[in-house]
């Protein structure tokens, strides 16, 4: 089971993530969208969306720093374990709280506004469930293990295992020895990564780069005082009388 969860599953999820995005881009560019529901309801969206997206960006940024940068590097530049723990728990708690609050507002909107609920597919429900579970279990790790509990140095286990995946030297036994909440969180995230390309989450990689070089759209207002201003409108009206 250790090999399945912490060696096979990560590579299956990463392969699905990469290949799925290539396939989706080549065969379903029209579906590469958020399927925005702003037209159905905007008040709750204006409140929940910034909280969720900016909070999640901060959470992901913290994960990247904690998982990618080795513990020895931060210690080399003078960042002690106590300093790192204080900053990571404080920033992680604030970012996590914003993400949870934004997600709660968006889910409330998604399932209580009739028009938005009708636009929600089964795939959306699966994606939202996994995303919510990943965020909640992440908060349990941050608050429960590191704030309320005695603290857990994941950089000595989870980070080493994570970096090993990309050098093909992963040590699954490291993950097997982590607290259960960390294991549950990681399994949920891996499953979410595996289904990512087949959901609306692909919009994360949709940057409007073309807008930088796109020619300007020119709007011309017709002067009603000109003789030919309403020429086409009159012609259409004459044909349908």
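The backbone N, Cα and C atoms fix where each Cβ goes, glycine too.
In TrEMBL, annotation is done automatically, which means it is predicted and not curated.
Residues annotated as domain 'NarG-like' in TrEMBL: 3-222. Annotation source TrEMBL lists transmembrane segment at 6-23, 44-70, 82-106, 126-144. Summarising the annotation, TrEMBL assigns heme b binding site to 53, 63, 185, 203.
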Heme b site span - longest C-alpha distance across 53, 63, 185, 203, in Å: 23
Cβ neighbours within the same chain of residue 53 (heme b binding site) - under 8 Å, at least six residues apart: 102
Residue among the binding-site residues 63, 185, 203 whose Cβ has the most other Cβ atoms within 10 Å: 185
Three-state secondary structure, which DSSP defines for residue 185 (heme b binding site): helix
Helix, strand or coil at residue 203 (heme b binding site) [DSSP, three-state]: helix
